[in-house]
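Working notes for the structure below.
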Amino acid sequence: MQALSIWPLKSGLLVGSRLEFELDCSCFLVSRKIRKRHCNFGSISSLILDSSNTSRVLFLCEPKRGSLRTSVGVGWATEQREEEVSRDKTNSRVNVRELAYSLRAAKTADDVDVVLKEKGELPLQVYCAMIRGFGKDKRLTPAMAVVEWLKRKKSGPNLFIYNSLLGAVKESNEFGETEKILRDMEEEGIVANIVTYNTLMAIYMEQGEFRKALEVLDLIEEKGFEPSPVTYSTALLVYRRMEDGMGALEFFSELRERYSRKEIGNDNDHDWEFEFIKLENFVGRICYQVMRRWLVRDENLTTKVLKLLNEMDNAGVKPSKEEHERLIWACTRGEHHHVVGKELYKRVRERFPDDEISLSVCNHLIWLMGKAKRWWAALEIYEDLLEEGPEPNNLSYELVVSHFSILLGAASKRGIWRWGVKLLNKMEDKGIKPQSRHWNAVLVACSKASETAAAIQIFKAMVENGEKPTVISYGALLSALEKGKLYDEAFKVWNHMIKVGIEPNLHAYTIMASVLTGQGKFNLLDTLFKEMVSKGVEPSVVTYNAVISACARNGLSGEAYEWFGRMRGEKVEANEITYEVLIEALADDGKPRLAYELHLKAQSEGLKLSAKPYDAVVRAAESYGATIDVNLLGPRPEKEKRG
């Protein structure tokens, strides 16, 4: 029975034997609770040599740290039995950490010889520990120097020394020495093992030579080695670096199929069933990371994300709920990402029914759908919160209200009043209280659509729901009444607005000017204009156009022309609408010459009139026998309507 070296630690006993050191550079911790467990250390801090038995070496290890000065030890495998080192034996102690520190500046084998020539024979594991420690400290030069010095010794460096050196190359990122080390191994007649190839694969990956790294897998099989779990994990990591989620998934699926056919995983060194569970979790994590990288890129990779999600389903690889939610957070570009966000949301709801989705994730999705102008989809998510949970908070409410505001704004601009009414009803159904701006949007839509009765009903509903009408509310209602020629009702609304203390704005004054004109109450219209000026509300071209248009609709071309003169006297510039309405009114009223002169005047001011006033002038001149020079009017405009 081979003797073991044992050292008590807080978490258990560290044991080792020289024979095991020759076999591998791994370590085991014998715990009081667990019979044998693999663990990682930095570099050996010290060792004790048993002078009576050179096959026994005791390694003293400390927790892993960053630099050589504080780096710690690596222990190796143990046999099954535990024995204590006899106190009466003569032992000599080597402080590996101190030894490595003294070699940190070594550049050549001669520099190493100065330090080590008096140390006598040391186990090769000491050199392994120092070499790896140099790599972690990004000091490849002293590591190379130690190996060159070992070449001078009769025993020379063995496979594990070279594996340690390749590991140092990987850790230090000084990849230029890789090929030289491989040539040295070949010259020394040292045959690589699976650890060598695993390390080589990792080096190529760190270099960005991904295809070369994956080719190492073929080389391993050619050499007759059985790949280890580390081999497969490294290959999957290569696909991660390539951001090739599909490749990683296909690689894992092929491995699993080969395992089911007993083509791999036939050794007894690993619990392959457990290892495949870890590999499945790992490939799932890789796919998640790749998809997240795709989502944060500037280019649109939505299709690739959805395809990878489907392929993961086919392969039976299931991301966790947390990974789904983190992917949703990565969806920020509404135009492209709303499809992915909705799909991920659907998966979380369906696949994790007992694990409530995060409210912040739902709020993010509501925001995302709004950004993508998918307001109904945002509302569906809000409805899910009300019905399935979690309970929406103030942010949820405000986000949905803002979406309704956008929808109602669109309805208002387009005059889609029925849609606006449905939206108001939808808000109330979901417990969202419409605010003044929402009621106003629908009122404006009704006004634009000349839906007087609907506007009256909306205004009443607004008051009944406890919302105080604003000047915009009154203006929209006045406009709807004016278009419906309900002048008396409009006058009553105006008086009520003044009574409740709401100051009219320019729009309200303009609507009322049109109402008074329609009623033919020009004396009150004069009073209204004087009131506007006294309150600092200057009549605009829109106000004058409203009066002129109302005159024209009622066949009062003379009054229209009079207000045009008043407008010019107030230095308010007429626009195309002013001239077109007035020209048509004069022409239809049998005043072709005056209409003709106004057309020429508009042209002289650089205004582009439509074909309608042109046709009205020509038609009136022919009907009433007026003499005009049509050539001065220029060519007839091509389009019947302006822009």
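A Cβ is built for glycine as well, from the same backbone N, Cα and C atoms used for every other residue.
Per TrEMBL, the features are as follows:
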type: DOMAIN; residues: 446-598; note: domain 'PROP1-like PPR'
type: REPEAT; residues: 158-192; note: repeat 'PPR'
type: REPEAT; residues: 193-227; note: repeat 'PPR'
type: REPEAT; residues: 358-392; note: repeat 'PPR'
type: REPEAT; residues: 435-469; note: repeat 'PPR'
type: REPEAT; residues: 470-504; note: repeat 'PPR'
type: REPEAT; residues: 505-539; note: repeat 'PPR'
type: REPEAT; residues: 540-574; note: repeat 'PPR'
type: REPEAT; residues: 575-609; note: repeat 'PPR'
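Distant neighbours of the repeat 'PPR' (193-227): 24-25, 159, 162-163, 166-167, 169-170, 173, 175, 178, 182, 185, 234-235, 237-238, 241-242, 264, 266-267; these residues of the same chain sit at least 6 beyond its ends, with a Cβ under 8 Å from one of its Cβ atoms. Within the chain carrying the repeat 'PPR' (358-392), a Cβ under 8 angstroms from the stretch's Cβ atoms is held by residues 325, 328-329, 331-335, 337-338, 341-342, 345, 348-349, 399-400, 402-404, 406-407, 426, 430-431, all 6 or more beyond its ends.
Remote same-chain partners of the repeat 'PPR' (505-539), defined as residues 6 or more beyond its termini with a Cβ less than 8 Å from a stretch Cβ, comprise 471-472, 474-475, 478-479, 481-482, 485, 487, 490-491, 494, 497, 546-547, 549-551, 553-554, 556, 559, 570, 572. Across the repeat 'PPR' (575-609), DSSP classifies residues as 26 helix, 0 strand, 9 coil. Secondary structure counts, DSSP: the repeat 'PPR' (158-192) has 27 helix, 0 strand, 8 coil. Here the repeat 'PPR' (540-574) has, by DSSP, the following mix of helix, strand and coil residues: 26 helix, 0 strand, 9 coil.
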